[in-house]
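Residues or ranges marked as domain 'Thymidylate kinase-like' in TrEMBL: 12-202. The ATP binding site feature in TrEMBL is assigned to Gly14, Gly15, Asp16, Gly17, Ala18, Gly19, Lys20, Thr21.
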Amino acid sequence: MTHLRRGGFLAFEGGDGAGKTTQLDLLESWFQELAVPYERTREPGGTVIGERIRSLVLEHDQGEVDPRTEALLFAASRAAHVVQRIEPALQAGRFVLCDRYVDSSVAYQGVGRELGAQAVAEINAFATGGLQPDLTVVLDIDPSAARARREGRDGLSDRIESAEDAFHDRLRHAFLDRAAAAPQRYLVLDAAASAQALHAAIRERVQEMLGQELSNP
Ligand code: TYD
């Protein structure tokens, strides 16, 4: 029988198509094999109120949502998530696998929607009471390389695609800047690697958090 003294909070971040879902699935299967108690959740969402906020901000029939309103809605969803799901799970000794967290707001609202990384970090510090993941996995993807891969040999970029690449590149650097500011709490991986190689790298790092008795089942 294994006894975990405390749970661990793992967040997964990255741009569109970086492979977060695949990596969350693989980590979840591994936790099941090891009988590690965990909860998988996502943002925005994860609570009743959070899922309602999710449809407000992500569905396209809700009228115009200005950047400040959007940032506050994501932060409100996160506040509920921390109090209702994440903290209780951690206190019960469970691991929390969270698809996106504060860094997504800093990237998408702070940098993408130009509210400023600092301002968005501050409202999120308020929303979360300062709760930070023990580890944030950033699946780093080069937007133009990702697109070129998708398009194969016909991948000549037009003006719109280049503009989109520039936008996604700014988001990408927002994640990388956050990681560089606190490297001990981040694992940045090149999302161009195979799913198995990425999973192996994540496992190695998470194994350190699980403790000796779980590392050799
Ligand atoms: P989702 O359909 O879950 O996409 P993904 O699989 O890429 O996570 O939609 C989440 C979208 O919400 C995604 O485009 C990123 C955005 N988002 C923000 O803009 N700010 C945030 O704080 C969060 C959590 C997500």
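Glycine is treated like the rest: Cβ placed from N, Cα and C.
Proximity to ligand 1 at the level of Cβ atoms, with a cut-off under 6 angstroms, picks out Asp16 from the binding-site residues Gly15, Asp16, Gly17.
Of the listed binding-site residues, namely Gly14, Gly15, Gly17, Gly19, the sparsest CB environment within 10 A is found at Gly17.
Every protein chain shown contributes to the tally, and the Cβ of Ala18 (ATP binding site) ends up with 22 other Cβ atoms within 10 Å. Apart from Gly14, Gly15, Asp16, Gly17, Ala18, Gly19, Lys20, Thr21, the ATP site neighbourhood in this chain, defined by C-beta within 8 angstroms of the site C-beta centre, holds Leu139, Ile141, Ala191. For Thr21 (ATP binding site), the same-chain residues 6+ apart in sequence whose C-beta sits under 8 angstroms from its C-beta are Asp99. Asp16 (ATP binding site): 10 other CB atoms within 10 A of its CB, across all protein chains.
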